[in-house]
Amino acid sequence: MNAENLDPATQAQTIWSDTLALIKQNSRLTAREQGWLAGVTAEAVVGTTIILDVENAQTLQVLQTELNEPIIGALEIANGGSPMFPAFKVMPPAQPEPQTTASPEDSGSRAADAQGAAKESVQPDEDSRTPRHSAEQTGDSRPAAAQEREDSAVHMARPDEQTAESHREPEHEPAQQPVTSHYDEAIVQTFEDIDPVAGFGPSVAGTTAPQYPPQSEMQGSFTPGVTGNYRDPVTHLNSNDTFDTFIQGDSNRFARTVALAVAEGSGRDYNPLCIYGGSGLGKTHLLHAIGNYAVQNQKPRPRVLYVTSEEFTNDFIESIRTSGQDNEDPAMEKFYRKYREVDVLLIDDIQFLGGKRGILEQFFHTFNSLYQANKRIVIASDVPPHNLEDFEDRLISRFEQGITVDVKPPNLETRIAILRMLAEQNHIRVPNDVLNLIAERFANNVRELEGALKRVIAMASLNHQPVTRALTERTLQDFFTTDVEVKPTDIIARVAKYFHLTFDDIVGPGRPRSVTLARQIAMYLTRDMTSMSLMNIGQIFGGRDHTTVMHACKHIADKMQEKQEIYNYVNELTVELKQHLND
């Protein structure tokens, strides 16, 4: 039935009444399972979310596991075929004051409404709810670990939308009802803070959010707000990557010391500076830190430019393609000014220039121009200069006339410090035993550490629970095996199958919403489960540039904290990939 013209509360009650009637006729549910719904009431509809009040955490657990799919299917039918997703709110215990206790008549009325709604008989169409769940994929062949992860993760079963919200002021001051591990508070978040997405309706007028207690009173509870990446349009520097945010240890102390000297301008003998090491160990961070320090601390302000080898290549090719079309300002002159009139040139992933003779020739002359002008040059690579493949000896010798430093995988103490800083940036308190657990299990690089912590934060955010060792164990139980080699083609093929697409759909130029989401998840998993650089991942995905990959990875990481279905997609695919490779 169409209830769009009703107020949010009436619309919710109408849809929920029809939903209960549909579930009542579901022959696959036992009387015991249906009994859990007797005390559930609808509070409001906001966009495509229906807020449901439940009496206790035990009921919530059943609704978000055993009854999750039947509820979503029935809600969609009751909403006229349009997706409607539940957000559950555990109601606080009744206060002892007589004036705040619901009357027996009110309770009886709710129960009567629930019982009287069971009159229609419509079977839910469970296959129409998401692009992914097929009978084959949700049957007994599904890995038990994946099912357990999904069961433990769900708090709001919404495939592509936001966390749970409330449309009214709380009845009691938050300080009187502190947040607990079961989150016995209303789940609230203002709609104004959520970016609009397709299929998501506008917020309700007058929506307000209760004031949470100060963070000092929310020991271990999650506060949204992950620090983002901001790239300066002129320098291309990420303002978040500074020496202050670079955690040093035995594995990178020398590299940081030399990098700081170059940034200060005192390390003239360190020109050029070559930083090498494996993926995800902090090379790019040091490049940005050098640039940010120089810009912020030196007078006059130096001209700084950070680029990847891919960007350098693309700029040169574009300058050749358009050269001569602008007689007053030829394209090549623009290229020369951009790269040869800077005071500090920072170039990342230099190894990808190997074998590109024309590009290397241009870089050779750019290097000489800057070096002869006593300008600073810093390059980063995955190998030391003498191991660069398909580079001319004359260029390698110029790299080696400065200083070469390496960054190694961080030790345990450094990994713990990195995790603590990441937690602070996400405004979440993480107990030391959790930091130790993650640091002990993920030892290869910083990217692994960050990925593991993000999964834990996402779980805490979705369930509105504090971060504990138990939650961390449950969240990461399928990700502690890190010695499995995953190929990007395996990831793409698995993601394509998962979303009922083809390999070519994922790597091709198509941009339908379903394909774009699958492609972004595949990019995120490739970044998370391999040591490939952003540029190399972009090449695998149809020749896309590294900024596209970077955006996709950040987008999925952010949405995992907001949208239950995105979180489930990533978790299930990770489990399936490791399960497949271990078979």
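Count begins at 1; order follows the chain as displayed.
Note that Cβ sites are derived from N, Cα and C of the backbone, with glycine treated the same way.
Source: prediction; values computed, not measured.
Feature annotation from Swiss-Prot assigns region 'Domain I, interacts with DnaA modulators' to 1-91.
Look at Swiss-Prot and you will find 91-235 tagged as region 'Domain II'.
For 97-106 (among others), the entry in Swiss-Prot reads compositional bias 'Polar residues'.
Per Swiss-Prot, compositional bias 'Basic and acidic residues' is recorded for 126-135 (among others).
If you look up Swiss-Prot, you'll see 147-174 (among others) marked as compositional bias 'Basic and acidic residues'.
Annotation source Swiss-Prot lists compositional bias 'Polar residues' at 205-226 (among others).
Sequence annotations record features per position, and here Swiss-Prot assigns ATP binding site to GLY280, GLY282, LYS283, THR284. Sequence-distant contacts of LYS283 (ATP binding site), defined by Cβ-Cβ distance under 8 angstroms and a gap of at least six in the same chain, are ILE275, TYR276, GLY277, ASP348, ALA380, SER381, VAL407. In the three-state DSSP assignment, the secondary structure recorded for LYS283 (ATP binding site) is helix.
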Cβ-Cβ neighbours of GLY282 (ATP binding site) (radius 10 Å): 27
Output field, ATP shell: CB within 8 Å of site CB centroid, site GLY280, GLY282, LYS283, THR284 dropped: GLY277, SER279, LEU281, HIS285, LEU286, ALA380, VAL407, VAL446
DSSP residue counts for the region 'Domain I, interacts with DnaA modulators' (1-91), split into helix, strand and coil: 40 helix, 18 strand, 33 coil
